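Student: The structure follows.
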């Protein structure tokens, strides 16, 4: 089998067969739409339903809800609107750093300024300097929730629609509509942005717009979009190695002069975004320090990555100083992303760019410095985009990702939303019931591995259920008050390591087959 046939087998054939869509409420809904001859309305109905789910989750508490003195991420976002409205731009990264000092790149600040400007027209008390701290009126909360929803539907949702139209070109409308439905109802992003309260959909949407541009060979425009994603949230760096490898490989393969053109594009884009903060070296340093706070240590809260899991046994932060831990983290992250980046650069295939994004971001989540629970949303984006290509593994990953964020969502009093949206997504797609052979068996002759993987997946769901049952019924011992969080961390980190190996395998094997064929 040559390389092109391998690609067709591992991707096109998987997504073109309408019968491969597992019988589920989603499939029955699309069949009903087809019977009524209202296919042209299906996308609109999906968008309305996705909006309803988001808004319903938004009716629940959020990060820091009614919890003085510092409140939480909701107050941080509200305060940045207040800050950017009243403080001179050259003081944005200096002003009262003890009260949610600005620590995201400038594009976040600009968006905060726009939202604050509109909100202050409605009611100036929402964003009055200093005196509005901890402000939580019903009207201001309605406005704040609306800004997240509007940003979501202005940037992220259109990017998903464009992606689906390219990725599933030539496939049935049912396939495309099912993909839109499952991607837009992905629970992790909904729970964090519309429950916990953040604007991750802006960063993820800009990244997806970059990918869409790459798909249509608009590499300069795609580079601008990705620079904007980085300028909104620095965590978009998780995707940078894959995108860099893809573009470099493409330039080497087609026209090496494209490297200079893309480099100039990046410099100009960042120059425009960061221009107000380039006045002095001291000011530039302050922005960098705020965006990359290395002084906070290897991690703050317990998160499902390798370092937190190891720290249960080996107290890394007590044995090593911060600078050494940062170097260790950097080296291990580079080694983890290296295979994927090398193969993507050697074979800049558009479809395998998605696997490259998944591998790069998941490696960063597992091994990089100062990771937060919410950062699992980054690998969740490309992996969810593959949901109909590899239902077994992608749905499995999303379920583990949601579970890994439970301690954060529990702290935000979002337990009901957590279970409702999670179970709804699995019910709509009937993922856990789907008993088909994972794609890995297309390259392995050890057929019994199928049963082993199915057993492992069921075992993982059992472990998640067991941890939840114990946590809700048996108080943790006084000596180990965080025992359930630690169990979550160890289990989730182990599973994410398995996923990293698998998605690297999925990206690399076709490349090796190509080399062998040549």
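Don't overthink the numbers, they just go from 1 along the chain as shown.
Cβ atoms here come from the backbone N, Cα and C positions, even for glycine.
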Student: Checking feature assignment: transmembrane segment per TrEMBL, candidates 299-321, 483-505. Which range matches?
Tutor: 483-505
Student: Which range, 129-147, 414-432, does TrEMBL list as transmembrane segment?
Tutor: 414-432
Student: Please work out which recorded stretch in 199-217, 259-278, 324-345 has the most C-beta pairs separated by under 8 angstroms from the transmembrane segment (376-402)?
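Tutor: Answer, by Cβ pair count: 199-217.
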Student: What residues in the same chain, six or more past the boundaries of the transmembrane segment (324-345), come closer than 8 Å to it by Cβ-Cβ distance?
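Tutor: For the transmembrane segment (324-345), the nonlocal Cβ contacts are 241-242, 244-246, 248-249, 252, 294, 297-298, 306-307, 316-317, 352-353, 355-356, 359-360, 363-364, 366-369, 500, 504, 507-508, 511.
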